[in-house]
Amino acid sequence: MASGVAVSDGVIKVFNDMKVRKSSTPEEVKKRKKAVLFCLSEDKKNIILEEGKEILVGDVGQTVDDPYATFVKMLPDKDCRYALYDATYETKESKKEDLVFIFWAPECAPLKSKMIYASSKDAIKKKLTGIKHELQANCYEEVKDRCTLAEKLGGSAVISLEGKPL
């Protein structure tokens with residue numbers, strides 16, 4: 001069921017910037033987004049970038065010690081969100097980076113919000129082409145343990161996430 005909600009150009013631009021890892025200067029790398037939240041506009045007609053809800057690559061190791069824990073704290077208690085998280089992880093063979101699409105729908109979110117976000121999920125996923133991993137979570141218990149995300153990224157082959165052993 002489609003909701004008729006449109007995906008803003010800003011969302012697509014952020015996604016493309018996060019997806020493309022072209023050779024960049026160290027300053028450009030620092031400005032790249034590590035994690036972002038997307039929300040519905042006030043009129044509920046567009047999916048937009050949520051102001052101030054982002055982690056930059058340059059913040060990691062500076063103002064952000066653990067980007068995954070910081071990301072989890074950005075999720076609202078009582079409303080839904082979409083998110084993109086640029087996961088850095090290690091398997092037994094190599095280090096990897098992958099974008100993860102996250103649909104956050106906490107159980108205490110208003111029913112109308114859950115319905116609009118759920119019915120708009122396909123619209124945003126169609127615009128974010130090439131995402132290999134998706135995580136849907138309905139409570140903090142499902143996201144606060146980094147093993148949940150590691151499971152989506154590669155199961156038991158993943159040995160660390162964001163430099164923290166599992």
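Every residue, even glycine, has its Cβ placed from backbone N, Cα and C.
According to Swiss-Prot:
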CROSSLNK  Lys132  SUMO2 cross-link
DOMAIN    4-153  domain 'ADF-H'
MOD_RES   Ala2  N-acetylalanine
MOD_RES   Ser3  phosphoserine
MOD_RES   Ser8  phosphoserine
MOD_RES   Lys13  N6-acetyllysine
MOD_RES   Thr25  phosphothreonine
MOD_RES   Ser41  phosphoserine
MOD_RES   Tyr68  phosphotyrosine
MOD_RES   Lys73  N6-acetyllysine
MOD_RES   Tyr140  phosphotyrosine
MOD_RES   Lys144  N6-acetyllysine
MOD_RES   Ser156  phosphoserine
MOTIF     30-34  motif 'Nuclear localization signal'
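If one looks beyond the motif 'Nuclear localization signal' (30-34) by at least 6 residues along the same chain, the residues whose Cβ comes under 8 Å of a Cβ in the stretch are 14, 17-18, 24, 54-60, 67, 71, 84-86. For the modified residues given as Lys13, Lys144, the lowest number of other CB atoms within 10 Å of the residue's CB is seen at Lys13. The recorded positions listed here (Ser3, Ser8, Tyr68, Lys73, Lys132, Ser156) include Tyr68, Lys73 as those with a Cα within 10 A of the Cα of Lys144 (N6-acetyllysine).
For the pair Ser41 (phosphoserine) and Tyr140 (phosphotyrosine), the Cα-Cα distance reads 24 Å. Reduced to three states, the DSSP call for Tyr68 (phosphotyrosine) is helix.
In space, Ser156 is the closest of the modified residues Ser3, Thr25, Ser156 to Tyr68 (phosphotyrosine), judged by Cα positions. Here Lys73 (N6-acetyllysine) is compared against the recorded positions Lys13, Thr25, Lys132, Tyr140, and the shortest C-alpha distance is to Tyr140. Confidence annotation: the domain 'ADF-H' (4-153) carries a mean pLDDT of 94 in the model. Non-local contacts of Ser8 (phosphoserine) by the CB criterion (under 8 A, 6+ apart in sequence, same chain) comprise Ser41, Asn46, Ile47, Ile48, Leu49.
The distance from the Cα of Lys132 (SUMO2 cross-link) to the Cα of Ser156 (phosphoserine) comes to 17 Å. Among the modified residues listed here, namely Ser3, Lys13, Thr25, Ser156, Ser156 has its C-alpha nearest to that of Tyr140 (phosphotyrosine).
Its Cβ placed at the centre, Ser41 (phosphoserine) has 12 other Cβ atoms within 10 Å.
Ranking the modified residues Ser3, Thr25, Ser156 by Cα distance from Lys13 (N6-acetyllysine) puts Thr25 first.
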